[in-house]
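In TrEMBL this protein carries:
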MOD_RES   K107  N6-(pyridoxal phosphate)lysine
DOMAIN    415-532  domain 'Response regulatory'
MOD_RES   D465  4-aspartylphosphate
Amino acid sequence: MWLRCAACSHQWPYLRFEVRCPRCGGDWLDVIYDLEAVRQRWDRLLRHRPFTMWRYRELLPLRQDLHIVTMEEGGTPLLRAENLGLMLGRPRLYIKDERQNPTGSFKDRQASLAISVAREAGLQEMVVASTGNVAISYAAYCARAGIQLWAFLVSSAPADKMREVALYGAEVIKVTGTYDQTKQVAAQFAERRGLFLDRGIRSLAARESMKTIAFEIAEQLGWRAPDWYIQAVSGGMGPIGVWKGFQELRAMGLVDRIPRIGVIQAEGCAPIVESFRLGLEQARVVRTPRTRIATLATGDPGPAYPVLRRIVQETGGAMETVSDEETYRAMHLLAKMEGLSMEPAAAAAFAGAFKLIASGHIRPEETVVINASGHTFPVEKFALGEGWVYTLEAPAAPSEGFLIALDQLDPRSRRVLIVDDDPDAVRLIRRILQSRGTFYVEAVDRGDEALERIRRDPPDVILLDLMMPGMDGFAVLEALKADERLRRIPVLVITARSLAPEERARLRQQAYAVLEKGMFTDENLIEDMLAALHPS
Ligand SMILES: *Cc1c(COP(=O)(O)O)cnc(C)c1O
Ligand SMILES: [Zn+2]
């Protein structure tokens with residue numbers, strides 16, 4: 001291993017922990033490895049190692065194994081987002097489930113490597129500034145390593161997160177101010193006490209640890225790189241590390257390309273994305289972040305910005321901002337459609353990806369990996385709004401009133417019939433409607449059967465596919481419109497087929513709405529359904 005200074009390119013062997021270039025004093029150092037040698041050893045070694053981030057240990061800057069501080073972080077699942085992918089018309093949509101790390105966020109990779117390096121350097125005490133998750137991770141790993149941690153937390157961090165840091169035995173200092181101010185206070189404290197200060201994005205351990213996300217994704221895809229890696233960004237170490245990871249894999253001949261990098265930031269604190277849009281060489285700092293998502297509130301990205309800018313340009317990636325509301329909506333959607341509850345900072349990546357899909361940046365055939373960077377526990381109150389809980393008082397004895405109250409728990413009143421021969425589409429639509437809780441949903445997969453069912457027992461609304469074997473959707477629609485009793489039932493046509501102009505014109509007259517598969521969101525569908533049921 002060698003260290004190389006990004007400022008002056010000076011390179012020297014990595015013999016001990018260093019933070020500055022001895023020649024120019026530059027504080028952004030990269031680690032250089034003998035990739036050819038590693039490649040040869042990996043052929044033999046990887047087969048026998050457990051699936052944790054330390055299986056790639058040859059490409060991590062720790063000198064001796066005995067210093068490793070681990071809770072078997074990394075090795076997280078790469079989940080196929082079937083429902084979401086279907087809804088968005090992006091079948092190769094994957095979620096890197098970083099929630100499944102020991103303390104619930106991808107910061108555990110950083111903590112495991114950084115605290116191992118700290119132990120190797122003989123540190124017994126250190127200082128960190130954080131918006132929450134870094135402090136939680138560092139506190140947990142410092143507990144295992146026997147290192148005293150001083151954690152400076154920005155006051156906007158959720159109280160639950162602060163308590164968790166304290167639980168691990170760290171000293172918690174809550175700083176009223178922005179994250180950038182919190183970092184300054186921590187730096188002053190470290191300096192006065194002569195303590196080691198974690199250097200965030202400038203820390204080589206932080207960036208190097210994130211490479212393991214790239215290694216895992218490539219291995220999980222059968223040693224292939226995806227077309228996109230998308231992440232919500234605050235300080236930027238994730239995408240910078242992931243990019244370096246793919247660079248190393250390509251140099252080793254293990255993948256043949258580098259994914260496009262998608263950088264998503266919260267609208268109320270998006271110095272990287274905004275500076276990128278303006279074509280600036282250095283970031284324009286956001287002095288007063290205006291987002292409720294504390295994790296994403298880095299106002300001054302410092303040296304990360306020019307690096308990210310170059311990476312996104314070089315890879316043909318994209319940057320996007322999302323509002324807090326878009327983020328909460330995405331958070332709710334991921335939970336309802338994929339069973340994944342994630343913290344807002346993680347959901348922001350998805351909200352951004354939805355926008356990149358809608359704008360056509362991400363094409364239908366592309367393989368997309370989105371980082372679900374952290375778990376939400378407990379669920380943030382902003383995401384749910386009102387009325388998400390039923391309260392019932394158990395009666396002392398069975399009573400009529402209690403049974404009525406129980407019945408009223410189920411607010412479903414409207415009956416929906418789905419007519420579609422594609423079981424995936426039926427599952428998706430059913431799921432969207434179920435998550436609203438106000439519809440009874442039935443499904444049939446044939447046109448003739450649908451007509452028979454509708455005649456016997458007319459539903460309140462029909463969701464109709466066009467292409468089916470036997471009697472197709474056009475014929476069902478004709479038959480309904482010809483029947484005096486049934487012609488007023490609203491029909492929403494859902495089709496995967498591209499329509500000819502005259503077909504579209506005819507459908508417009510007969511159907512309440514036409515939704516093209518892969519083009520509508522759950523909200524579109526629900527809105528059209530409700531409008532059809534309650535015409536104004
Ligand atoms: C830290 C963090 C981010 C942002 O990561 P960076 O790569 O450092 O910008 C996103 N999501 C969660 C959950 C985080 O903890
Ligand atoms: Zn230098």
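Note: Cβ is positioned from N, Cα and C throughout, glycine not excepted.
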Checklist outcome for this item: On average, residues of the domain 'Response regulatory' (415-532) score a pLDDT of 90
Item to check | K107 (N6-(pyridoxal phosphate)lysine) - helix vs strand vs coil (DSSP) | outcome: helix
Item to check | D465 (4-aspartylphosphate) and the residue listed as 'N6-(pyridoxal phosphate)lysine', distance between Cα atoms, whole Å | outcome: 45
Checklist entry - Taking the Cβ of D465 (4-aspartylphosphate) as the centre, how many other Cβ atoms fall within a 10 Å radius? => result 25
Checklist outcome for this item: the residue listed as 'N6-(pyridoxal phosphate)lysine', Cβ-centred 10 Å count of other Cβ atoms over all protein chains shown, is 31
